[in-house]
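Database features, via TrEMBL:
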- 24-494: domain 'Major facilitator superfamily (MFS) profile' (DOMAIN)
- 20-46: transmembrane segment (TRANSMEM)
- 66-87: transmembrane segment (TRANSMEM)
- 99-118: transmembrane segment (TRANSMEM)
- 163-192: transmembrane segment (TRANSMEM)
- 212-231: transmembrane segment (TRANSMEM)
- 349-366: transmembrane segment (TRANSMEM)
- 372-391: transmembrane segment (TRANSMEM)
- 403-422: transmembrane segment (TRANSMEM)
- 442-460: transmembrane segment (TRANSMEM)
- 472-490: transmembrane segment (TRANSMEM)
Amino acid sequence: MAKDELQVLNALDVAKTQWYHFTAIVIAGMGFFTDAYDLFCISLVTKLLGRIYYTEGHDKPGSLPSNVSAAINGVAFCGTLAGQLFFGWLGDKMGRKRVYGMTLMLMVICSIASGLSFGKDPKAVMATLCFFRFWLGFGIGGDYPLSATIMSEYANKKTRGAFIAAVFAMQGFGILAGGMIAIIVSSAFKALYPAPVFQVNPVLSTVPQADYVWRIILMFGALPALLTYYWRMKMPETARYTALVAKNAKQAATDMSKVLQVEIEAETDKVQQLDTKRGNEFGLFSTQFLRRHGLHLVGTASTWFLLDIAYYSQNLFQKDIFSTIGWIPEAKTMNAIEEVYKIARAQTLIALCSTVPGYWFTVALIDKIGRFTIQLMGFFFMTVFMFALAIPYHHWTMKGNQIGFVVLYSLTFFFANFGPNATTFVVPAEIFPARLRSTCHGISAAAGKAGAMVGAFGFLYAQNGFGLRNTLIVLGVINFLGLLFTFLVPESKGKSLEEMSGEAEEEIATAIESAI
């Protein structure tokens with residue numbers, strides 16, 4: 001197999017872990033850091049937006065109407081879904097690197113723009129916010145298939161899972177940073193502009209300067225993306241795209257010689273030979289793709305879809321759950337900026353204790369125990385903990401039991417991240433052919449975002465319709481379905497990308513044919 005494989009690909013597969021691996025993780029990971037920051041920081045400021053723009057008299061603080069709240073939380077996901085499909089396809093057509101810069105610039109521009117609004121009228125502010133968050137999501141969507149594909153194509157065989165998972169794990173730091181920036185900004189404004197609590201003075205409890213708080217928090221998302229733009233543009237195109245898709249063996253060898261700092265022979269003849277003899281130029285909608293990878297694509301897309309229903313509904317509505325069980329005080333006992341501070345503090349604590357460690361457990365163990373085992377185990381424990389929260393729900397709402405609820409709730413997050421949230425991202429970047437890899441990852445990720453939209457819109461209406469307890473039971477059932485669909489996904493631990501996608505078999509068949 002090794003002698004029939006292109007030397008440049010073999011060199012990447014057997015390369016020792018080097019400095020360039022870590023720079024690739026940071027460059028691709030900063031995109032994910034920004035993605036998570038931008039997607040999740042909105043949940044920190046939705047209550048503040050309600051107080052500023054939708055005052056409802058003096059009985060209780062203003063809150064966003066449910067349709068506006070659902071739109072603000074969900075519109076970025078609509079953009080993300082569209083971006084994953086579009087940029088995933090474009091990444092296979094134009095090359096990973098050329099599209100990579102576009103997505104980043106779109107994220108930077110829209111992060112800044114979402115903090116600016118046209119007019120002071122609530123409708124104008126919300127419409128502007130939704131418009132720019134849609135396009136922000138579109139840029140974020142492109143980052144999913146491109147970051148995963150670039151990292152999988154750069155990594156070596158032995159530690160590929162850990163490298164792709166490490167890129168995804170930067171999401172945890174993004175969520176953490178969102179909470180920390182919100183804490184810093186709200187603390188500074190709280191100190192500079194003291195205000196009475198709502199029940200003392202409903203009008204003065206929301207100071208005019210509170211309008212800057214949410215804008216600063218949203219606009220900060222542009223900074224990390226901007227810092228990595230230069231390095232993204234300096235990264236060479238991946239050798240697998242250049243050699244297997246663009247058919248330019250010489251360029252692939254030159255690029256990887258610089259990166260790996262070894263001499264690599266440009267096997268132009270072998271690429272041409274593979275090109276003329278190979279029967280693997282099947283497209284996405286061919287029966288050959290359906291026969292080889294159809295079930296795999298169903299597996300990666302369905303597990304990601306089911307996971308994100310549960311994961312995003314939990315994440316976006318943490319603040320409502322914490323308020324329901326009394327972990328965050330009643331809104332009228334706080335002023336507007338203090339409420340942002342309390343919500344951010346609660347979310348940061350959850351991120352620090354369960355979300356971030358979960359990601360890094362996956363990074364440490366994915367190449368030892370395998371993707372399949374981690375995903376199965378994650379879905380299993382998420383199901384168990386969801387039911388443990390839902391069935392004795394009344395017990396958790398009673399005074400003194402809140403800590404138990406928060407611990408179990410944190411454990412569902414821990415096993416989402418040390419489980420399917422990481423593996424659903426890793427596997428689609430490993431099991432499909434090079435020329436369809438980015439597209440298939442985009443399709444799987446878009447299925448995930450469709451799940452996130454079901455979570456964002458559905459959770460809101462489900463909670464209002466049949467209560468939090470029944471909603472948690474439904475989420476438990478969804479997690480169990482995810483466990484069943486995991487059986488459609490193959491294990492890719494320790495195998496090369498070409499072995500997983502079936503391209504290696506074709507190379508051997510081609511070599512035998514040419515020998516005959």
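Positions of Cβ are set from backbone N, Cα and C atoms, glycine also.
The listed stretches are 20-46, 99-118, 212-231, 403-422, 472-490; of these, 20-46 has the most Cβ pairs under 8 Å to the transmembrane segment (66-87).
Long-range contacts of the transmembrane segment (372-391) within the same chain: residues 303, 307, 310, 362, 365-366, 405, 408-409, 411-412, 415-416, 418-424, 427, 469-470, 472-473, 475-476, 479-480, 482-483, 486, 489-491, each at least 6 residues beyond the stretch ends and with a Cβ under 8 Å from a Cβ of the stretch. Relative to the transmembrane segment (212-231), the listed stretch 99-118 leads the set 99-118, 163-192, 403-422, 472-490 in CB pairs under 8 A.
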